[in-house]
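Participant: Take this structure first; my questions come after.
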Amino acid sequence: TMGLFVSRLYEMFESFNTGPPSRILMLGLDAAGKTTILYKVKLNENLQTIPTIGFNVEQVSPCRGVSFTVWDVGGQEKIRRLWQHYYQNADGLIFVIDSNDQERIEEAR
C-alpha cells in the first residue's frame, strides 16, 4: 500500500549521510502515482493531482539532514521519448509502477 511504501522510503532516507542535495529522477507510466508519491513525501499529505505535462521539481527533505531534488517527469507516451534528456546528472532513479493496473505492467517493462 502507499502508506507502507512511504514508511519504507523514510527508513531508507534516514540511513543516508548528510551532504548536498541529490538529484533524483522519478519516472513511470502516466497515472502510475509519481506526483502523488512526490507530494506525500514532501508534504505528508495525499493531494488530488492532475496529469503532469512536462515535469514537477521539488526539494524534498524526508528527514533531518537528508535533502533531495526530485524531478517528477510526465509519463504520457509522447513524453517518454524525452526521458533520456533527464538522465544526465541524475544521482538516482525511482521508477513507479501501479501494481493494481495489471494491463500495463508489461508496458512498464
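Using the three backbone atoms N, Cα and C, a Cβ is placed for every residue, glycine included.
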Participant: Per TrEMBL, what member of GLY75, GLY92 joins GLY28, LEU29, ASP30, ALA31, ALA32, GLY33, LYS34, THR35 in binding GTP at one site?
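Facilitator: Given GLY28, LEU29, ASP30, ALA31, ALA32, GLY33, LYS34, THR35 bind GTP in TrEMBL, the matching entry from GLY75, GLY92 is GLY75.
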Participant: List the other residues in this chain whose Cβ sits within 8 Å of the Cβ centroid of the GTP site residues GLY28, LEU29, ASP30, ALA31, ALA32, GLY33, LYS34, THR35, GLY75, in sequence order.
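Facilitator: Neighbours found: THR52, VAL96, ASP98.
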Participant: Can you check what DSSP calls GLY28 (GTP binding site), collapsed to helix, strand or coil?
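Facilitator: In three-state terms, GLY28 (GTP binding site) counts as strand.
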